Amino acid sequence: QNDGRLRLSRQGVIFKNSKTGKVDNIQASELAEGVWRRVALGHGLKLLTKNGHVYKYDGFRESEFDKLSDFFKAHYCLELAEKDLCVKGWNWGTVRFGGQLLSFDIGEQPVFEIPLSNVSQCTTGKNEVTLEFHQNDDAEVSLMEVRFYVPPTQEDGVDPVEAFAQNVLSKADVIQATGDAICIFRELQCLTPRGRYDIRIYPTFLHLHGKTFDYKIPYTTVLRLFLLPHKDQRQMFFVISLDPPIKQGQTRYHFLILLFSKDEDISLTLNMNEEEVEKRFEGRLTKNMSGSLYEMVSRVMKALVNRKITVPGNFQGHSGAQCITCSYKASSGLLYPLERGFIYVHKPPVHIRFDEISFVNFARGTTTTRSFDFEIETKQGTQYTFSSIEREEYGKLFDFVNAKKLNIKNRGLKEGMKQSYDEYADSDEDQHDAYLERMKEEGKIREENANDSSDGSGEETDESFNPGEEDDDVAEEFDSNASATSSSGEGDSDDKKPAKKAKVVKERKARRKHPESKKGKDPNAPKRPMSAYMLWLNASRERIKSDHPGISITDLSKKAGELWKAMSKEKKEEWDRKAEDARRDYEKAMKEYSVGSKAESSRGERSKKKKKKQEKQLKGKAERKGASFKSVSSSKSPAKSSNESFKSKEFVSSDESSSAESKKEDSEEEGAPSPRRSSSDSASGSD
C-alpha cells in the first residue's frame, strides 16, 4: 500500500516505509514460506511467518527471481515457490483462513487475498457475510465492501455463516468495547481534536469520549509518542502520532495532542489484580501509582503501545528553552528540534524526519530584519516555511543543523562569505554572530542594488506621502503646465534635462503606459530549440508508457528523470549533439527572421510617414477653404440686415454684435487685415 525501501540481509528482511518512517523487521528464523507471483504491475513477493503474519511486497522485475531464489536458499533455507493467481473470472470457490489472511481460491489457485487487519466491520445476513474495510486516504479509489454468499449446509450443527464471521472477527481490526477499561483519565484538555475528553484505556485500543464526538484508536495505529515541555516551563505537550489518522467528516487528525499542567497530580489504580499487572506489563506498571498527570498518562501509553517516548535532545535555544517560537501557515506555535527530526505544535502539527529532508534554508524575514525564516524541503518536494523566528536563535539553530549534517541550501551563496560558514561551524558558543553578520552584509548589498535601480520611484513615493509638499505635487501633476512640461520634455533632445518634479511626472506616465505598449509574441518567429533531455524524452515517451502500462503523467516524469540520470555518458553525448544541431538551426533561422522583420518595419515606417504627410496636406487645404467661406459670409451679412427692415431693432443689434464678434475671431485666426471690415461695420451701424 505504501512506497518504501526493502533490504534483505542474513539476519532477516527489513522494510522502511517512506511516508511514515515505520520499520518492519522480520527475523530470518521467523520466516516460514516465501511465494513469488505475477501481480498487476510486475512481480511480487509474499512472505509468511511462523506466527501467522503475512507481508507482501510488489514492484520486482521478472529477471530478479533467480537472484532472490538463490539468496533465500542460501541464507534462509527456504525454497521461493512460484504460484500464479487464477484468472478464470469465476465468482465461486473456496474460502481459506490462514493466519491474518483470507484467501478466495478456485481449485488450488488463489483468486484474491484479503488481509483481515484491514477489515473494520463484519456483519451477517441470511446466507450472506459482509466485510467492510478501513478507508485508505492515500489511494484515489478504495475498496469499501465485499459480500460473500455462503450456501446453506448443516454440518455438525454449525451454521456456516456464523463460523465464517467468527473466523473473520477473531483476526479483524474490529473495535468492540467489551469488558471494563483498565483505567480512565477524566476531562483531559485536547488541542487536536479540540475539546475536553475522557480517555478510557482498554487492552487493545484507546477510547476518547467527548461531549460531541467519540474516537476509538487501536494501539496498532500509533506510530510514535512525544513528550515535549512548553516554553513557559509550566506545561507539557503529549503528542500521539497516528497512521491511519482518525477522521471526523472530511477532517483527518494525524496527531492527537494533549496539554497538561506540571502542577496537576493524580493517584491511579488499575482495574486489574496485581498478578495480571505483573504478567502483562512485566514491571513497567503497578496496580497503584501516583505522580504528575502527564507522567501517568505517558507511562500507561508507553506500556500499552510498547513504543519509546521521544523527548527533545540536547538542543537549547537562546532563551534556555528546548524549542523555538515561530509561525507556520499564519499560526504561531513551537518548533522542537529532536535527535532525529523536527516537530511543530500545534496548528497544524508537523513532524519531519531528518532522513526525508532534502535541504534546509535560512532566509531573511519578509517584514522585518529582527526575524528570519527557516525553510525545510523534503525529498518528495514538499516545502515547510517556519517564519518570524527571533534573530537571536540564528546561531543555536544553525549549530544544531550543522551538527546533524543536513544540507544547507544558501551555504556559500557568495564566495567571500563561504569562509564565514566554515568558521561558524567550528566556532565556540561565544561567536554565534557570524551568520548574523553574513545576513547583514547580504542585506546591505541588496538594498544598494535596489536603490540604484529605482532612484526616481523612491523619491516619488516619499514626496507623494509628505504632508508638507502634497499640495504642490498634486498641482504639478494635474494642472495644464504639468502636462505641457512632460510632453515637451519627451519631445526635446537628450541634452535638455527637465526639472526634478517634471521628472517624477514623466516617470509616472511612462510606468502607466508600460503595460499598454507591451508587444505580443510573433507567431511567425522561430521556436526555441529543445534541450538534450527534452529531445530524448519525446523520443522515449511511448517506450516508457509501454514498459509501465497505466503510469500517470507525474510518475512518467519521475521515471524519465531516473532513466536519464542512469544513462551512460556516451548515450547522453549523442543527444547533446542533436541539441547542438537544433540550436545552430535556430540561430540561423533567427538571423533570417530578424533581417526580414527589420525590412518589414522600415517599409511600415515609410508608409506611415507618407500617410502622415498626405493627412497634413489635406488638413491645410480644408483650413484654407474654411477661411475663405467665413470671409464671404461675413461680408454679405450687413447687406442682408439692411434689406430686412421688418425685423425689430433689438434683433438687428444682436445680429450685428454676433457678426462683429465672429469677424473679429476670424481675423485673429486667419491673420487677415481688419480695417476694411471695421469700416463696413461702422457703415452698417450708421444706417
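Placement of Cβ uses the backbone N, Cα and C atoms for every residue, glycine included.
Taken from TrEMBL, the feature region 'Disordered' covers 441-532 (among others).
Annotation source TrEMBL lists compositional bias 'Acidic residues' at 457-479.
Annotation comment: TrEMBL describes 526-594 as domain 'HMG box'.
Annotated region 'Disordered' per TrEMBL: 590-687 (among others), in sequence order.
Residues or ranges marked as compositional bias 'Basic and acidic residues' by TrEMBL: 615-626.
The compositional bias 'Low complexity' annotation in TrEMBL covers 628-645 (among others).
Taken from TrEMBL, the feature compositional bias 'Low complexity' covers 672-687 (among others).
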Checklist outcome for this item: Counting only residues at least 6 beyond its ends, the same-chain positions whose CB falls under 8 A of a CB in the compositional bias 'Basic and acidic residues' (615-626) are none
Item to check | Secondary structure tally of the domain 'HMG box' (526-594) (DSSP, helix then strand then coil) | outcome: 56 helix, 0 strand, 13 coil
Item to check | Residue distribution over DSSP helix, strand and coil in the compositional bias 'Basic and acidic residues' (615-626) | outcome: 12 helix, 0 strand, 0 coil
